[in-house]
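Worksheet: one structure, shown below.
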Amino acid sequence: MNLDQLLTSVPFYKRFGDQETNITGITMDSRQVKPGDLFMSIRGFETDGHRYIPSAIRNGAAAIVAEEFVEVDVPLIVVSDTKRVMAQLASYYYDNPTRDMHLIGVTGTNGKTTITYLLDEIFTENRSSTGVIGTIQTKINEQSYDVANTTPDSVTLHDFFHTMKEEGVDAAMMEVSSHALDQGRVYGLDFNIAVFTNLSQDHLDYHKDMDDYLRAKSLLFSQLGNHYEQGREKYAVVNTDDPAGEMLIRSTAQPVLTYGLEHGDIHVRNIVSNETGVSFTMVTPVGTVDISSGLMGEFSIYNMLAAAGAAIASGISLEVIARAFQKTKGVPGRLEPVLAGQNYGIVVDYAHTPDSLKNVLSTLRKVCEGEVRVVVGCGGDRDREKRPQMADIAMEMADDVYFTSDNPRSEDPEQILDDMTLHLSGGFQRITDRKQAIARAVSSCQEKDVLLIAGKGHETYQEIDGVKTDFDDRKVAKEAVTGRREET
Ligand SMILES: CC(=O)N[C@H]1[C@@H](OP(=O)(O)OP(=O)(O)OC[C@H]2O[C@@H](n3ccc(=O)[nH]c3=O)[C@H](O)[C@@H]2O)O[C@H](CO)[C@@H](O)[C@@H]1O[C@H](C)C(=O)N[C@@H](C)C(=O)N[C@H](CCC(=O)O)C(=O)O
Ligand SMILES: Nc1ncnc2c1ncn2[C@@H]1O[C@H](COP(=O)(O)OP(=O)(O)OP(=O)(O)O)[C@@H](O)[C@H]1O
Ligand SMILES: N[C@H](CCC[C@H](N)C(=O)O)C(=O)O
Ligand SMILES: [Mg+2]
């Protein structure tokens with residue numbers, strides 16, 4: 001594409017060098033630059049992309065976008081915010097793919113992955129062709145792609161949406177993290193529906209405080225635009241049982257569907273919750289329907305209400321929604337049972353925040369006839385404030401606690417465990433090696449106990465000292481059960 005044509009998508013810029021230039025790709029990483037690419041210089045958290053302009057040009061960059069003047073012999077475009085301009089350029093370059101599909105964005109501290117999976121199941125039940133972007137994978141129809149972030153950068157996103165359009169996807173659901181909103185990764189995407197799940201302690205390594213975290217979340221709702229200008233049905237779907245919901249409602253000009261357990265446009269009656277799942281009557285503005293699902297716990301009802309809200313706003317019938325909830329197999333690594341022929345329960349779950357740990361432990365408490373045991377750690381290079389909070393929850397809610405490592409990344413694992421445990425007076429085991437911690441916990445289990453292995457869920461690695469090695473809680477737990485059986 002011609003550079004002049006591409007630049008029509010950017011309202012304000014200064015151009016140096018007016019030679020005719022053809023652009024054959026957009027990239028923000030000098031190491032990925034191919035001849036003909038437009039190189040975006042991004043000031044990041046680790047380094048400054050402007051430092052790599054010479055290396056981008058050596059790799060064949062045809063033009064540079066930067067936030068300051070630099071002497072180069074290819075066209076230079078100077079703008080005030082390269083991250084957001086990158087999103088505008090990517091939208092134009094990939095022919096605004098999200099304008100041609102139904103796009104649902106889900107934000108909130110917990111439940112995003114689960115809700116996008118439920119929406120995928122609902123839209124598939126409705127015979128749509130679907131695309132999903134999130135923590136576990138990007139999925140376009142049946143094809144799966146690996147992802148480095150829950151919400152990728154704007155070029156990767158537009159590339160995915162372009163592929164979705166080519167593959168005939170008509171409904172896409174994506175997780176929108178607060179980091180992505182803050183960094184403009186989703187800027188320029190044309191969302192039809194924005195969903196809010198809940199707000200609780202996390203990411204205070206990144207956001208200044210909880211208000212700052214909520215402000216980032218609110219960008220998804222202000223981005224929904226103006227209903228009348230767009231001429232397209234757009235909705236916000238908001239959990240009003242969460243106090244943060246009100247602020248998000250004020251952030252959007254679009255109509256809002258609220259949900260909550262007892263109050264809200266969508267709410268429930270007659271909840272039955274046990275070890276086989278939940279059932280309830282769902283009351284909605286378009287009618288009432290009985291729901292029965294194998295998903296466990298009150299928090300799963302919230303996730304179903306959020307997904308139902310987005311589906312109802314998309315015009316999908318209650319019958320289709322109920323059928324999808326009935327059929328759902330759940331999400332990998334979310335309350336996933338480990339079945340190795342043992343007479344006690346083992347569950348792997350991605351709870352890595354205080355609120356999610358509390359929810360999962362309280363769900364297991366209600367169904368466990370024996371002792372509840374937990375193996376849990378906290379991630380390195382992430383929110384330090386949540387560490388003692390998660391430890392307190394484990395101590396209060398479980399009968400037997402094993403503190404261990406969960407992706408220490410560049411941090412000293414002992415320091416993380418100190419943050420979790422130094423304020424405690426005992427009554428727990430501290431085993432830094434996660435495999436050993438799981439083996440010890442498994443060896444303590446008696447008939448009818450339940451062991452929760454929390455924090456890593458679907459992850460298949462452990463990152464120590466910046467190096468990722470294979471590690472899958474589900475496999476390690478199975479091996480521990482087998483090992484215990486062979487010992488006896
Ligand atoms: C802290 C953070 O959010 N970092 C994100 C950010 O990278 P960064 O700003 O640190 O980039 P940087 O390393 O400083 O580099 C700056 C620029 O120089 C460029 N560069 C760098 C080196 C070089 O040789 N050449 C070169 O061109 C880089 O490509 C980049 O454009 O922008 C990148 C592209 O979008 C992200 O991949 C990266 O996510 C990192 C990997 C990360 O761990 N992020 C986490 C905190 C995150 O975003 N998590 C949320 C989910 C959280 C949740 O919901 O639980 C997510 O959406 O994934
Ligand atoms: N609505 C909810 N409220 C509280 N906790 C929840 C809720 N839904 C799921 N959880 C808990 O949070 C964990 C993560 O769920 P899920 O992966 O759906 O959330 P997420 O928002 O995508 O997380 P991430 O921010 O890591 O992408 C689950 O394993 C479960 O323990
Ligand atoms: N998206 C989350 C994942 C946390 C998962 C947990 N296993 C950890 O490594 O902290 C984050 O990056 O904060
Ligand atoms: Mg997720």
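Here the Cβ of each residue, glycine as well, is placed from N, Cα and C on the backbone.
Here the structure is a predicted model, which means the values were calculated and not measured.
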Just to be sure I read the record right: Asp406, Asn407, Pro408, Arg409, Gly455, Glu459 are listed as binding meso-2,6-diaminopimelate in TrEMBL. Which of Arg382, Arg484, Arg485 is listed for the same site?
Arg382
Within 10 Å of the Cβ of Thr113 (ATP binding site), how many other Cβ atoms can be counted across all chains shown?
24
On the 0 to 100 pLDDT scale, where does the domain 'Mur ligase central' (106-311) sit on average?
95
For Glu459 (meso-2,6-diaminopimelate binding site), which DSSP three-state class applies?
coil
Give me the largest Cα to Cα distance among Arg382, Asp406, Asn407, Pro408, Arg409, Gly455, Glu459, the residues the record lists as binding meso-2,6-diaminopimelate, in Å as a whole number.
17
If you draw a 10 Å sphere on the Cβ of Gly455 (meso-2,6-diaminopimelate binding site), how many other Cβ atoms land inside?
28
Taking DSSP three-state, what's Arg409 (meso-2,6-diaminopimelate binding site) in: helix, strand or coil?
strand
Counting across all protein chains present, how many other Cβ atoms fall within 10 Å of the Cβ of Thr109 (ATP binding site)?
22
